[in-house]
Structure formats: C-alpha cells, structure tokens
Amino acid sequence: MSDQIEEKLKNYRTAPFDARFPNTNQTRNCFQNYLDFHRCNKALSAKDQDTAPCQWYQRVYKSLCPISWVQKWDDQLEAGNFPGKI
Amino acid sequence: MPSMLQTVGKQLRNHPALIPLFIFIGGGATMSVLYLGRLALKNPDVSWDRKNNPEPWNKLEPTQQYKLFAINMDYSKLKKDRPDF
C-alpha cells in the first residue's frame, strides 16, 4: 500500500478527477482535501504510523486551492479558530 | 376547489383541443417537481441532518455517477486513488 502511494506521489501531475465533485465548482474539493490532509495526519499520528501517505492530500489541495485560501486556513489553524472539523 | 374542476371539465368538453395543453403543462410541472425532489433528496451536497449525516458527498463511490448526462467521462474506468486513514 505504501509503495503504491510512493509510486503515485512520484508520478503526480495534477489532481485526478473526483467523482464526489463532478461539476465545475471545485471549491468543496479543495476544502475536502485540506480537511483530509489534516485528518489523515491526526489519525495516523494517533496510531503511531508514518504520515507519508497523507502527502497525497497535500499535493491535491495545493493543486486545487488558491494560495490565499491555504494561507488563511493555516493561520486559522495556528490561531485555533479554523471552522472545519479535523 | 371542486367547482373549479367542474368548470375546467365543462370547458374541456366544449373545447377538446385544450386537452394537449393540460398534458404538456402537467408534464412540465411534474418533471420540475421530480427534479427538485431529486435535488433535495439525492444531491450529495445536501444534508438535512447535519448531526448524523455530516458530509454526504463522502458516501459516493469513486465510480458512482450522480450527473444525469456525463459526456466524455467513462465512470467505469475510475479507480479509488486516495490513501485510506
């Protein structure tokens, strides 16, 4: 499983088609991947596993999200008032 | 309400050419209501119960198609490529 992930991370070009978000508005896709990255980190580090597979979500949200959004959410996470559930 | 129906019935008997009008208007109204119902109940962006169903779009399979017409997109060839956690 993990070498599949390494393979996918090495061959990464852009965010793949996600059947959950088939329409033009990809806002939720961006936010969901941001949430999934942080949830993945939290879940895998709670189980004491390597968080390397979570990099997939980070690559996807960096491809999709405007930089200003990512900066705003990172600031909110540090300040502790991020609105999403992680 | 029943007198309105009687009036309409009388008008239809006197002018039977109005019947296709009712068929088409009725069909259009039915289709609108059905589509709104599908949006309300089946749309993965809609969550009526946020406590028990917080992110309904996550319940879609990677090969499941929600759109009515998906042109140029072969859903059967998609695979799940997100890592589990």
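Backbone N, Cα and C atoms are what each Cβ position is placed from, and that goes for glycine too.
Annotated in TrEMBL:
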{"type": "DISULFID", "residues": "A:Cys30-A:Cys65", "note": "disulfide bond"}
{"type": "DISULFID", "residues": "A:Cys40-A:Cys54", "note": "disulfide bond"}
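Taking only the Cα positions, the spacing between A:Cys54 (disulfide bond) and A:Cys30 (disulfide bond) is 15 angstrom. All protein chains shown were included, and the count of other CB atoms within 10 Å of the CB of A:Cys40 (disulfide bond) stands at 23. Taking CA atoms as the reference points, A:Cys65 (disulfide bond) and A:Cys40 (disulfide bond) are 18 Å apart.
Taking all protein chains in view, 21 other C-beta atoms sit within 10 angstroms of the C-beta of A:Cys30 (disulfide bond).
The CA atom of A:Cys40 (disulfide bond) is located 15 Å away from the CA atom of A:Cys30 (disulfide bond). Proximity to chain B, taken as a Cβ less than 8 Å from one of its Cβ atoms, holds for A:Cys40, A:Cys54 among the disulfide-bonded residues A:Cys30, A:Cys40, A:Cys54, A:Cys65. DSSP assigns A:Cys40 (disulfide bond) to a helix in the three-state reduction.
A:Cys54 (disulfide bond) falls within a helical segment according to DSSP.
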